[in-house]
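Asker: Annotations per TrEMBL:
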| type | residues | note |
| --- | --- | --- |
| DOMAIN | 88-484 | domain 'Major facilitator superfamily (MFS) profile' |
| REGION | 506-527 | region 'Disordered' |
| TRANSMEM | 20-43 | transmembrane segment |
| TRANSMEM | 172-189 | transmembrane segment |
| TRANSMEM | 196-217 | transmembrane segment |
| TRANSMEM | 229-247 | transmembrane segment |
| TRANSMEM | 310-330 | transmembrane segment |
| TRANSMEM | 342-364 | transmembrane segment |
| TRANSMEM | 371-389 | transmembrane segment |
| TRANSMEM | 395-419 | transmembrane segment |
| TRANSMEM | 431-453 | transmembrane segment |
| TRANSMEM | 459-479 | transmembrane segment |
Amino acid sequence: MRDYDEVTAFLGEWGPFQRLIFFLLSASIIPNGFNGMSVVFLAGTPEHRCRVPDTANLSSAWRNHSVPLRLQDGHEVPHSCRRYRLEAISNFSALGLEPGRDVDLEQLEQESCLDGWEFSQDVYLSTIVTEWNLVCEDDWKAPLTTSLFFGGVLVGSFISGQLSDRFGRKNVLFVTMGMQTGFSFLQVFSKNFEMFTVLFILVGMGQISNYVAAFVLGTEILGKDWRKLLLALTVPGVLCAALWWFIPESPRWLISQGRFKEAEVIIHRAAKINGIVAPSTLFEPSELQDLSSQKQQSHSILDLLRSRNIRMVTIMSIILWMTISVGYFGLSLDTPNLHGDVYVNCFLSAVVEVPAYILAWLLLQHLPRRYSMATALFLGGSVLLFVQLVPPDLYYLATVLVMVGKFGVTAAFSMVYVYTAELYPTVVRNMGVGVSSTASRLGSILAPYFIYLGAYDRFLPYILMGSLTILTAILTLFLPESFGTPLPDTIDQMLRVKGIKYRQTPNHTRELKDGEENPTVLKSTAF
């Protein structure tokens with residue numbers, strides 16, 4: 001009985017057909033990057049202060065001193081959420097008293113911003129924060145929006161995985177693309193914060209992955225109003241609908257569903273594009289009968305906890321993915337809070353990922369996984385801890401350190417996918433990576449609130465993210481080394497976690513020790 005890879009080996013691994021599908025799929029997920037990080041700009045919080053009504057009977061001196069000052073980064077700035085009690089300063093103004101000379105401002109009673117806020121338009125003309133006043137007592141709503149979006153991504157990852165097995169990869173790909181585009185378009189017409197957030201959850205459910213590299217290109221050109229920006233980000237999703245006629249269904253999935261004729265049509269088309277003559281008959285009648293009647297042994301998520309070794313790998317992978325996700329999304333969402341131009345900072349945050357991906361690819365090709373991951377995490381975590389030591393006047397150095405931290409965390413994020421897949425055996429590999437990915441989504445849900453802590457201490461998010469990243473780097477060193485070893489097929493063939501003693505039982509095949517050969521090698525092609 002030949003497997004799928006053997007049947008399609010004549011196609012080659014990286015011909016014109018495979019390259020075409022690769023670039024079409026890459027094009028189809030471009031809108032994901034826009035939607036994933038759009039909240040950086042959609043929910044931007046400009047500088048603001050309490051509004052004093054024009055109808056208030058105040059002299060120019062009292063109007064200029066109607067808001068108390070507070071200390072921020074060593075400088076006195078107007079308070080964002082408090083003003084002097086308007087009735088009191090109106091009386092002082094009517095009596096001809098001068099602020100600071102006749103009246104001690106520190107002794108004046110204060111009140112909240114009863115008449116709303118005045119927002120600076122230096123960076124944004126409008127955001128959801130300025131439109132619905134998501135500041136002061138309601139400042140928790142902006143990070144909640146981001147967390148609920150990633151919550152939608154978490155739910156969507158569960159649903160799409162089940163649906164793709166049931167209805168096919170291509171169908172679910174375009175349904176989720178349409179869901180993401182359609183609900184994102186409806187967000188443009190949001191009447192309130194609640195409507196925007198519910199739609200954003202649905203957008204997240206249709207979104208599979210997040211990339212930030214292409215985002216600034218559109219934001220720099222398309223202006224500063226959040227509704228126009230969101231509308232512009234939605235258009236590429238509509239254009240991607242045309243890819244339906246070019247991206248085929250997965251032949252593997254079609255075969256698993258017994259739809260052999262459709263699979264053969266796609267394979268023959270691939271052979272034609274690659275300039276290869278395909279065999280007239282791909283599957284013999286006996287093979288078709290075997291494929292139709294074959295029932296593989298079923299495994300459940302509980303198998304990820306079955307043995308002590310796989311249980312430790314699962315727990316460590318969950319911690320690893322969650323921490324990396326907090327660092328990656330935390331640093332991405334924090335870019336507007338850095339000194340300097342917000343668009344330049346976001347551009348740098350996106351550009352720094354390019355060399356990080358290149359470095360990760362080189363490390364995966366030539367160096368052990370554990371040391372590569374640990375080095376990248378140590379780099380990212382240590383520079384984040386140094387940010388608090390930078391003098392206030394050297395804010396460009398602080399920005400450089402944050403970008404270096406983003407570089408290290410991004411490199412680790414790109415390597416952890418490969419590393420996790422190599423640690424789990426074939427029988428539970430999809431479930432293992434899926435559970436780890438779920439932990440990553442939980443990390444992305446928590447990330448906005450790490451940034452929210454910066455309202456209390458500017459360096460607290462960096463201290464927390466840096467410390468967690470370094471601790472995770474140490475934890476990574478206890479994972480098995482998978483570099484240069486065959487992929488395990490069964491749970492008993494898994495590599496062992498470092499520093500743990502295991503009992504050998506006569507009823508089970510022993511687990512492979514680090515560096516020991518596995519007689520069975522999983523082979524796959526790029527197709």
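A Cβ is built for glycine as well, from the same backbone N, Cα and C atoms used for every other residue.
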Asker: Let me spell it out: take the transmembrane segment (431-453), skip the flanking residues so only those 6+ beyond its ends count, and list any with a Cβ under 8 Å from a Cβ in it.
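Answerer: Hits for the transmembrane segment (431-453): 139-140, 142-144, 146-147, 150-151, 153-154, 157-158, 161, 299, 301, 303-304, 313-314, 317-326, 328-330, 333-334, 337, 416-417, 420-421, 423-424, 460-461, 464-465.
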Asker: Would you kindly check 310-330, 342-364, 371-389, 395-419 and say which stretch has the most C-beta pairs under 8 angstroms to the transmembrane segment (459-479)?
Answerer: 371-389
Asker: If you average the pLDDT over the domain 'Major facilitator superfamily (MFS) profile' (88-484), what number do you get?
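Answerer: Overall, the domain 'Major facilitator superfamily (MFS) profile' (88-484) comes to a mean pLDDT of 79.
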